[in-house]
Amino acid sequence: MLKNLFRKTKYITVSQKNIENYKRENTPTIPDGMWVKCNKCGEILYQNDLEKNYMVCNLCGNHFRIGAKERIKYLFDKDTFKEWDYKVKTENPLNFKGYDEKIENIKEETNLSEAVTTGKGKIAGMEVVVCIMDSKFMMGSMGSVVGEKITRAIERAIELRMPVIIFTVSGGARMQEGILSLMQMAKVSSALAKLDEEGLLYICVLTDPTTGGVTASFAMLGDIILAEPDALIGFAGKRVIEQTINEKLPEDFQKSEFLLEHGFIDKIVPRSDLRKVLAKLINMHKNSF
């Protein structure tokens, strides 16, 4: 009996790898992208519910940034949108180092050809020409192709006698294209001047963020200027302005609510109401088409 008392105890060795495998096999898995955290209130939101609510937080009303494809889905009558000029190719006129590779990588990641999608479609049965900028493609920066596509869309709107709607979201001019990028400000503005001469309607919808050269040109030229709630809209950054004038700016400076209060825009429209409001505005002006 004493002999059995001092006998070595039998045991099983479990490696760290076996423990990790056990945890992996027995831990419930949640598919990627099923839940999203609101970056304003911190609420964890179910992705499907968020999409049904136009990518707007149902707790705090925060408008998530959305791309061109989502806007087309929310805006147009089903299967009426026809894209234009998607084959226009971005060049590297200044031979900016790494620019070609960056463009190709972004194209693969986003499945977008450039930072703006243009075309025509129907809103409540009424045909319109639309240009939708997308922040996923180099933060919606305005290069020569962006300016060219928007200009072509405006020129076609004149030919077809249709109103133009532009959704803006941009970090400004694309630095990799230098002065050619800045030239697009005048180019698009000139096309809009011709649209105005023809008596056709131009509605601009400002989304978060709309800054730099886009703000300084076609974003502020609309006959009617709308904006989404809490959108950042301005030219230079807030800190740059504060350092320049040596003054502290209001907390809501450059927000769409601040711009509405000071007469820079006409109306703030929640995303869920945007299609209805645009349809009403187009219908009010349809005699000019």
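Think of each number as a place in line: the chain as shown, counted from 1.
Placement of Cβ uses the backbone N, Cα and C atoms for every residue, glycine included.
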Among ranges 38-60, 199-221, 222-244, whichever one Swiss-Prot labels zinc finger: 38-60
Site with most surrounding Cβ atoms, counting all protein chains shown within 10 Å, from the binding-site residues Cys38, Cys60: Cys38
Which of Cys41, Cys57, the listed binding-site residues, has fewest other Cβ atoms within 10 Å: Cys41
Residue numbers, six or more beyond the limits of the zinc finger (38-60), whose CB comes under 8 Å of its CB atoms: 66, 70, 74, 270-272
Cβ-centroid neighbours of Zn(2+) site Cys38, Cys41, Cys57, Cys60, 8 Å, sequence order: Asn39, Lys40, Gly42, Glu43, Leu45, Leu59, Gly61, Asn62
